[in-house]
Structure formats: C-alpha cells, structure tokens
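Colleague: The structure is given below, and queries will be raised subsequently.
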Amino acid sequence: MSGQTSGILYALAGFAIYALHDVFIKLLGGTYSPFQVVFFSVLFAFPLTSLMLIREAEPATLRPVHPWWMAARTLAIVIASGASFYAFSTLPLADTYAILFSMPILVTLLAIPILGERIHLHRGIAILMGLIGVVIVLRPGDSALTLGHLAALVGASCSALGAVIVRRTSRDERPVTLLLYPMLATFAVMGAMLPVVYHPMEGRDFAMSAAIAAMAFAGMLLMIMAYKRAEAALVAPMQYSQMIWAVIYGWMIFGEWPGPSTLIGVSLIIASGLYIVFRETRAGASRTTPVLETRSRAGTPGIPRVSLALRLLNLKR
C-alpha cells in the first residue's frame with residue numbers, strides 16, 4: 001500500500017472516530033448543559049495532552065510574543081467550544097456538520113485582513129458558492145431556524161479565526177503556549193459556569209465524558225499519521241466523510257434524516273471547500289495557503305488541533 005493511500009485511510013479512520021465523538025456530545029447534550037459537557041471533556045483531556053506537552057523539553061517562558069493575538073485566539077476558542085457543543089446538542093448531526101463545513105470558506109475570508117491573502121476570481125466564486133450553501137442550510141425566514149444554527153455558525157467562525165491567528169503567529173509563538181492558554185481559559189470559563197448549570201452526572205455519563213476526550217485524542221493521533229504519510233491536499237478533503245457518518249448515526253440513533261435544503265446546501269459548501277483546497281495547491285494561487293495549513297477540523301477543547309500537534313511532536317511535513 002502506498003504512503004498516500006495509507007494516509008487517506010488513516011484520515012478516514014480519524015474522521016470516523018471524530019464523528020462518533022460528536023455523537024457522544026449530542027447524547028450528553030440531551031441531559032446536560034454544553035458548559036458542563038465542555039468542562040468535563042477538558043478535565044479528562046488534561047492527562048492526555050500532558051503526554052504531548054512533556055516532549056517540549058526546552059526551558060522557555062510561557063509569555064506570548066503576541067499577547068493581543070493570543071488573547072483574541074483564546075477568546076475565539078472558548079466561544080467556539082461552547083457554541084459547537086451547543087450546536088451538536090440541539091441540531092441534527094447533518095445540519096451541524098453542514099454549517100461547520102463552512103470553516104474553510106471562513107478561513108479564506110479571514111486570511112484576507114489577517115494574513116494579507118489575496119483572493120482572485122476562481123476562489124472568489126468558490127467562496128460565494130459556499131456562502132450561498134450556508135444560507136440554504138440556515139433557511140432564513142423559515143421557522144426551522146434556531147439558536148442551534150446560530151451557534152454552529154458562531155462555532156465555525158470562531159474556529160476559523162483561531163486557525164488563522166495560529167497561521168499568523170506560529171513562526172514566533174511556541175506550540176505549548178498556543179495550546180495552554182485556550183485550554184486553561186476554556187477550563188476556567190466553563191468551570192465558572194458550572195455552579196449555575198450543574199446537573200448531577202451518573203457514572204455512565206462521566207465515562208462518556210472521558211470517552212469524548214479519548215476519542216478526540218485518538219482521532220488526532222490518526223490524523224497525525226495521515227499527514228505524515230500523505231499530502232495535505234489529499235488528507236484535508238477527507239473531513240467531508242463525516243457527513244456520511246452523520247446521516248448514518250442520525251438515522252440509526254436519533255431518528256434524523258437531512259432535508260432537501262440541508263443536502264443542497266452542504267453539497268455547495270463541500271464543493272466550495274474542495275475547490276478552495278485545490279486552488280491552494282496551484283503554484284502562485286495562494287501566498288499563505290491558510291486552509292491547507294489549518295490541517296483538519298477544529299480540535300476538541302483540551303486536545304490540540306492537528307497543526308499544533310504536528311509542531312509539538314516535530315513532525316510537520
């Protein structure tokens with residue numbers, strides 16, 4: 001089996017685990033506040049993340065080189081965590097994925113003011129097509145539009161902002177700094193909300209919270225293996241396989257089935273994202289390649305996103 005093929009298979013396995021991870025979030029979200037679910041997910045993620053942080057052997061300060069960018073990214077990640085978990089808790093899985101899949105489009109848009117990226121006609125058309133897809137999924141004016149749809153859009157937007165800021169500051173900031181500040185802030189904010197929203201948890205639900213962290217860590221490891229073996233342009237589009245799992249799990253577990261507007265909208269969003277990735281691989285088409293450098297979906301709170309994990313482990317291709 002070629003390295004590229006094995007990389008794709010690792011990516012598909014990783015995204016399959018991520019999809020099951022999201023099912024667990026939805027199951028817990030039916031009983032508990034997103035603040036509580038995020039809090040315990042981060043709590044159980046600490047030991048796993050520590051295994052990676054101990055590899056950062058060089059003594060150095062944790063003071064950020066770019067404090068304002070770090071503050072903006074930390075705030076974005078905290079908001080994205082709560083918003084995304086809320087969206088998974090309240091929306092059908094397919095609807096949530098459809099909106100979160102707009103992240104590559106939003107990354108490209110945010111790269112214009114933050115990274116100085118220049119967008120030419122082809123990517124501009126792809127962005128417009130993707131935004132039309134988002135509008136179709138949101139169905140403005142339809143009574144089906146809920147706070148969950150807004151939360152998914154906020155989650156995608158804040159995740160995209162966090163990814164672009166990493167691209168802006170990664171040459172100067174240590175990976176451990178980029179990881180620790182958002183993780184500790186998320187833990188603190190969700191912990192501060194816990195006395196207000198706490199609902200006693202059964203042992204089974206504590207185990208599910210631990211499983212969310214474990215699956216996020218396992219998915220991240222599989223994605224690291226994927227990026228070690230295959231080019232980013234081949235690995236990144238595999239995230240859209242999560243929609244297949246969303247339909248399967250949604251139908252089997254939650255009795256959900258995506259409506260026509262969701263299917264049409266997500267088709268436009270996926271086509272837009274694929275074309276943006278394709279254009280970034282073309283020589284001279286993109287100066288900063290923001291989507292390719294984002295490398296995969298946003299991470300679970302407490303577990304580093306793949307781009308940071310690759311740097312922590314000194315494995316970046």
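Including glycine, each Cβ sits where the backbone N, Cα and C put it.
Per TrEMBL, the features are:
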DOMAIN    6-138  domain 'EamA'
TRANSMEM  7-29  transmembrane segment
TRANSMEM  35-54  transmembrane segment
TRANSMEM  66-88  transmembrane segment
TRANSMEM  94-112  transmembrane segment
TRANSMEM  124-141  transmembrane segment
TRANSMEM  147-166  transmembrane segment
DOMAIN    147-276  domain 'EamA'
TRANSMEM  178-200  transmembrane segment
TRANSMEM  206-227  transmembrane segment
TRANSMEM  234-254  transmembrane segment
TRANSMEM  260-278  transmembrane segment
Colleague: Look at every Cβ pair spanning the transmembrane segment (66-88) and the transmembrane segment (124-141), keep those 6 or more apart in sequence, and say whether at least 3 of them are under 8 Å.
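Modeller: Between the transmembrane segment (66-88) and the transmembrane segment (124-141), contact is absent.
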Colleague: Give me the DSSP three-state residue breakdown of the domain 'EamA' (147-276), ordered helix, strand, coil.
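Modeller: Each residue of the domain 'EamA' (147-276) counted once, the result is 112 helix, 0 strand, 18 coil.
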Colleague: Under the DSSP assignment, what numbers of helix, strand and coil residues are found in the domain 'EamA' (6-138)?
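Modeller: The composition, in the requested order, is 107 helix, 0 strand, 26 coil.
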Colleague: For the transmembrane segment (35-54), find every same-chain residue at least 6 residues outside the stretch whose CB is under 8 Å from a CB in it, and list them.
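Modeller: Beyond its ends, the transmembrane segment (35-54) has Cβ neighbours at 25, 28-29, 81-82, 85, 89, 176, 179-180, 183, 186-187, 190-191, 193-194, 197-199, 201, 206, 209-210, 212-214, 216-217, 300-304, 309, 312-313.
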Colleague: Mean pLDDT across the domain 'EamA' (147-276), rounded to an integer, is what?
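Modeller: The average pLDDT of the model in the domain 'EamA' (147-276) works out to 92.
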Colleague: Are there residues at least six beyond either end of the transmembrane segment (124-141) with Cβ under 8 Å to its Cβ atoms? List them, or say none.
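Modeller: Distant contacts of the transmembrane segment (124-141): 95, 98-99, 102, 104-105, 108-109, 149, 153, 261-262, 264-269, 271-273, 275-276, 279.
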